[in-house]
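Everything on this sheet refers to the single structure shown next.
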């Protein structure tokens with residue numbers, strides 16, 4: 001490690017403010033520049049959201065006549081109505097509504113099962129350690145990283161074999177399998193910091209495996225459960241590859257339906273409807289992010305395998 | 001620290017029993033499937049799996065295909081720029097945000113929200129925003145700058161860069177958050193000492209701060225590289241591999257060869273290459289992470 005330089009050079013004051021209370025940059029100009037730059041980046045990140053929102057609220061001719069950046073002059077919810085219940089998605093003119101529902105039916109059980117399994121796995125891997133558990137954990141962890149292209153072909157066959165291909169249940173099955181790697185990672189890292197002495201004490205008092213889990217670990221798992229649920233919810237809701245590979249017309253998740261809506265080449269391109277649909281597909285995850293952003297960020301950080 | 005309990009056999013096997021469904025799932029659906037796909041990549045499977053062994057034929061075919069060549073090149077361009085720009089932008093934003101900014105939390109929330117969106121949503125938004133007919137080009141021309149041109153998304157040579165633009169928009173906030181967490185972990189005493197010594201802000205960052213961000217760089221790199229190789233949704237939504245095959249990447253190649261062109265053997269071989277590439281990045285990383293913790 002680099003050693004801290006000696007403090008004799010203090011006298012060589014080069015204009016830096018003295019240490020204590022306030023640090024550097026009490027001058028105003030750089031401060032203003034700094035805020036301007038940060039503000040410009042805010043605009044950059046918000047711009048696509050603005051484009052989606054404002055264009056979803058105007059009639060199509062305002063977009064095609066070059067007014068994409070303008071606010072709607074004729075505010076209307078027609079595009080939203082169309083995207084929700086009228087637009088042609090694939091073969092049927094049902095709008096995105098049924099697919100929005102599919103996504104919920106898929107994501108809720110998948111998240112619940114994967115989280116519960118992950119919690120149990122994390123509990124075993126930290127409090128009931130055995131020979132080779134770290135290697136086993138590494139092998140489970142690798143599942144987070146495989147490119148899913150490698151499992152597409154055999155999974156298509158396996159779903160057929162289990163008679164759940166092209167159904168929402170099939171998608172739940174797939175998402176649970178590949179979600180467990182993540183939930184195990186979260187809970188293992190979290191429980192590793194949980195005092196093992198408490199578990200030992202409970203054992204001495206005669207508490208069994210599941211009692212300890214329910215009474216001691218679970219009541220203390222709130223934060224990590226939230227992190228895990230948010231992470232899985234976001235990932236599974238946003239998944240496209242599995243949805244596109246393993247669903248039929250009536251079991252498509254929202255992302256696949258949105259893509260079909262936008263890519264369909266028949267007729268006039270209704271950009272305003274596309275934008276409205278895109279916001280609908282984004283709303284659930286965006287909502288979660290706004291309500292529980294702190295946990296979302298923590299999930300991202302742990303997702304990059306930091307302990 | 002192991003073996004908190006002695007004795008009774010139920011207590012010995014119950015934890016392992018609880019773990020066993022996951023172990024079985026991983027054994028079948030991760031490792032078994034990897035094995036199966038690997039096997040298929042050595043067979044003459046077309047529309048359906050076949051078990052006729054053909055050795056390395058599929059790989060030979062794959063490497064001779066122009067589309068695969070384009071896909072790999074695109075991945076190199078896309079991956080390189082994506083990782084590079086994300087790291088640069090992320091680091092810059094993190095340093096700027098680390099200057100005791102008012103409303104930092106609010107700004108951070110704005111920078112990071114695209115990460116919550118689906119790549120399909122991002123793709124749709126940028127697809128129409130970059131569309132020369134109605135998007136940026138048309139708008140700027142409408143404002144009076146008639147010669148303004150921005151038609152990369154329709155241009156065979158430039159379309160891959162639009163994928164970079166959209167992908168950077170989506171993930172740079174995440175890289176910023178990674179670096180910001182790294183910055184917050186740096187020992188403040190050391191900085192104060194250097195500051196007292198009269199080190200300029202620039203020297204402070206270059207000599208002390210940035211070298212200490214190595215772990216953050218590493219995890220950002222691993223995540224981004226992994227996302228770049230897997231990227232499928234964004235390309236599908238933004239350009240659908242086009243114009244022509246101009247933005248084909250290995251992930252889209254694999255899908256179309258396996259499921260629409262009925263060349264499953266070649267598709268499996270391409271998936272195999274993707275897996276090996278990711279494994280080359282991930283395995284050393286996981287190895288070092290898990291070993292450190294022991």
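For all residues, glycine too, the Cβ spot is worked out from N, Cα and C.
Residues or ranges marked as region 'Disordered' by TrEMBL: A:1-22.
Annotated transmembrane segment per TrEMBL: A:32-53 (among others), in sequence order.
The domain 'ABC transmembrane type-1' annotation in TrEMBL covers A:100-292.
Per TrEMBL, transmembrane segment is recorded for A:104-124 (among others). A Cβ distance under 8 Å defines the sequence-distant neighbours of the transmembrane segment (A:104-124), meaning residues of its chain 6+ beyond its ends; these are 140, 168, 171-172, 175-176, 179-180, 182-191, 213, 217-218, 221, 225, 228-229, 232-233, 236-237, 253, 284.
Marked as transmembrane segment by TrEMBL: A:136-156 (among others).
The transmembrane segment annotation in TrEMBL covers A:168-191 (among others).
The transmembrane segment annotation in TrEMBL covers A:212-233 (among others). Taking Cβ pairs closer than 8 Å, the transmembrane segment (A:212-233) reaches residues 107, 110-111, 114-115, 118-120, 123, 127, 175, 179, 182-183, 186-187, 190-191, 194, 198-199, 202-203, 284-285, 288, 292, 295-296, 298-300, 302-303 in its own chain, all 6 or more past its ends.
Residues annotated as transmembrane segment in TrEMBL: A:275-297 (among others).
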Long-range neighbours of the transmembrane segment (A:275-297), counting only residues six or more past its ends (CB under 8 A): 51-53, 55-56, 79-80, 82-84, 87, 96, 100, 103-104, 223, 226-227, 230-231, 233-234, 237-238, 254-255, 258, 261-262
